[in-house]
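Here's what TrEMBL has on this protein:
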type	residues	note
TRANSMEM	47-66	transmembrane segment
DOMAIN	61-313	domain 'Sugar phosphate transporter'
TRANSMEM	78-98	transmembrane segment
TRANSMEM	118-143	transmembrane segment
TRANSMEM	190-210	transmembrane segment
TRANSMEM	222-242	transmembrane segment
TRANSMEM	262-284	transmembrane segment
TRANSMEM	291-312	transmembrane segment
TRANSMEM	318-338	transmembrane segment
Amino acid sequence: MDLQRVSRKSFSSEIEGERMRFRDVEAKDVPLHENADHIRSLYSQQIMSAASATAYGLIGLLMGFVNKAVLLQWPYPNSFLALQMVASIVIVYAFKAWGLTTVQPLHVKAAKALLPVVFFYNTNVGFALAAVRALSIPVYHVLKRLTPVMVLVGKSFMGGAIPSKQITLSVLTVVSGCIMAGFGDLSFDLSGYSAALISCALQTSYLLLVERTGTEKGFNSMELLLYNGILSLPVLLIIILGTGEVWDSFESMRIQSRESLAFLPLLLVSLLMGSLLNYCLFLCTLCNSALTTTIVGTLRSVLGTVLGFFVFGGVKGTIFIFLGVLFNTLGGVWYTLIKFKEKHKEKQSKEQYRILEASSSFKGG
């Protein structure tokens, strides 16, 4: 409700600004077609913002279910991740060939700087894929919501600000939901829970590392996608060749493609969606903000949790798992709303300070 009120207020302000500009145009005899072009541009930006957020939410939602479907038939997460890296490299070079993006050559210095980030990112994805295969969709979402909690704890240990009472309560709600869901999960899988928790810890390390070192600054989204693939693929190939997984996965792929005509198209869609999700993440952040992207991610997670109760055999558990999922989801939404209000308040304070600065400069002049 607050989000809608803020959006309406923001949109009303933009319309009022356009009215003021229109009056200025009349006063200065500026051609009306220039003003009309500006208004059309404003509405185009509104449409682009909504479209990019919707695309990011829908693709992220569908990708979780498509990955689950593929891994249930083809349980080889390392081979799956290696194919995703190949798909990413091919897509970026195709975009470059079509003139849709520019990519700078990867230098040794940049490669060394990116290696720790690539390590944490890919190990996180690897464990996340293993967790998706082993756990039901709702339980997976419940455990992955622990990532912001771990980030908050990590920042506190690194000398960050003490979280507010509301943030602390929302985090406790998320954690209590995880504990209840674990107690109520009749299909409890220790390896799946462990993989999800390790994935959360690795994602936390990745986020804190990027924030602290600013490693990703200076690279665009497509460059990061490409460099991640180039640096990760050799390691993944060594793993799947060294363990012999490559032969098992190839044989399994051959059998599955023979038994199910839908398997190979589903695998291809999953590989393409991995790269497309990264692009939509960048586009949503570019057209809106990082906070909007986070809110869309939270809403997507809530919808995915609800749908997860009705697909892939549903969820086997007692009343505690349903209460746990409910508490965890409410805690995640609460946390996101608190962060949204904090960012909005911070933005307003900066705007007021800027106005005061401008007013003081005007009086001084």
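The backbone N, Cα and C atoms fix where each Cβ goes, glycine too.
TrEMBL does not curate its annotations; it predicts them automatically.
If one looks beyond the transmembrane segment (222-242) by at least 6 residues along the same chain, the residues whose Cβ comes under 8 Å of a Cβ in the stretch are 76, 78-79, 81-82, 85-86, 88-89, 91-93, 95-96, 101-104, 106, 110-111, 114-115, 118, 121-122, 216, 249, 275, 278-279. The transmembrane segment (78-98) makes no contact with the transmembrane segment (318-338): fewer than 3 of their CB pairs lie within 8 A, with pairs spaced 6 or more apart in sequence. Sequence-distant contacts of the transmembrane segment (262-284), counting only residues of its own chain at least 6 positions beyond either end whose CB sits under 8 Å from a CB of the stretch, comprise 52-53, 55-56, 59-60, 62-63, 66-67, 69-70, 73-74, 80, 83-84, 87-88, 91-92, 220-222, 225, 253, 256, 292-293, 296. Taking Cβ pairs closer than 8 Å, the transmembrane segment (190-210) reaches residues 116-117, 120-121, 123-125, 127-128, 130-131, 133-135, 139-140, 143-144, 146-147, 150-151, 154-155, 158, 182, 216 in its own chain, all 6 or more past its ends.
Within the chain, the transmembrane segment (318-338) has long-range Cβ neighbours (under 8 A, six or more residues past its boundaries) at 2-3, 138-139, 141-142, 145, 148, 164, 166-167, 169-186, 294-295, 298, 301-302, 305. Across the domain 'Sugar phosphate transporter' (61-313), mean pLDDT in this model comes to 83.
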